[in-house]
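To start, the structure itself, in structure tokens.
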């Protein structure tokens, strides 16, 4: 899977590719539209049932851990100060991890997973202030687990799962694999949910609804917005889970978490919402806020943060 080329054939601000419909040409002399930006509102730290948030979780696809560290990603993390930090697309073997992150005293409990076959591919991490009761890797199926995409931590009242979901890739060459993953991953999460409620976070590599990306019309045949991938996410929600951001902000448009490096897309806010906190229904009463920290730089994704009363 080439470095994020998988999303580079999106219809980005009028550019097309991979089956996207051609954009209408602007009339000569027409001023380009000013970008509509998303402003992350003030944090809400109290749940609907009146409890104060006592768990703060941040998730970030760092698009290469070593590069992200060099871009001062850890400075932002220290300011955000989550109880748990989940990272995706670390692209770094454990033996090659930079000391800046392995030595962080704020997070004494650190867990890493990477690809068995390809060094510098995929990879997830979880850094915790408090030691989990138990930590597992993968979802129990070798065809998926060899790519180092999932870490699950069990805490007293919930599971926390961080995932880097496989992309359907350029030309949708992995769409069939992605469909298999969606079925197996949903079964894994449902099994956990029968034991205790869970929080799923990470880059789920799908924009669920048209509101979740800038150019839905031109991307229906592109990875991340195919009917099959969207249906997979719908079925996950139907299995008893909730997209926390849409639960709190059902009509909020222009709220994205990924922007391709091409075409000055981030400055124009031509993006996709690919990163999520998905909650078991049992945790919804304690949901305080689900944040998109879109001003944080260092990757082609921005971090997201969950405030939860558990």
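Using N, Cα and C of the backbone, Cβ positions are placed for all residues, glycine too.
The annotation region 'Disordered' is assigned in TrEMBL to 1-52.
According to TrEMBL, the feature compositional bias 'Basic and acidic residues' maps to 22-33 (among others).
Per TrEMBL, the feature compositional bias 'Basic and acidic residues' maps to 41-51 (among others).
Sequence-distant neighbours of residue 164 (active site) (same chain, six or more apart, CB under 8 Å from its CB) are 61, 88, 89, 122, 123, 124, 149, 150, 202, 203, 205, listed in sequence order. Per TrEMBL, the feature active site maps to 164.
The feature active site, proton donor/acceptor is assigned by TrEMBL to 203.
Residues or ranges marked as site 'Transition state stabilizer' in TrEMBL: 205. Around residue 205 (site 'Transition state stabilizer'), a 10 Å sphere centred on its CB holds 26 further CB atoms from the protein chains shown.
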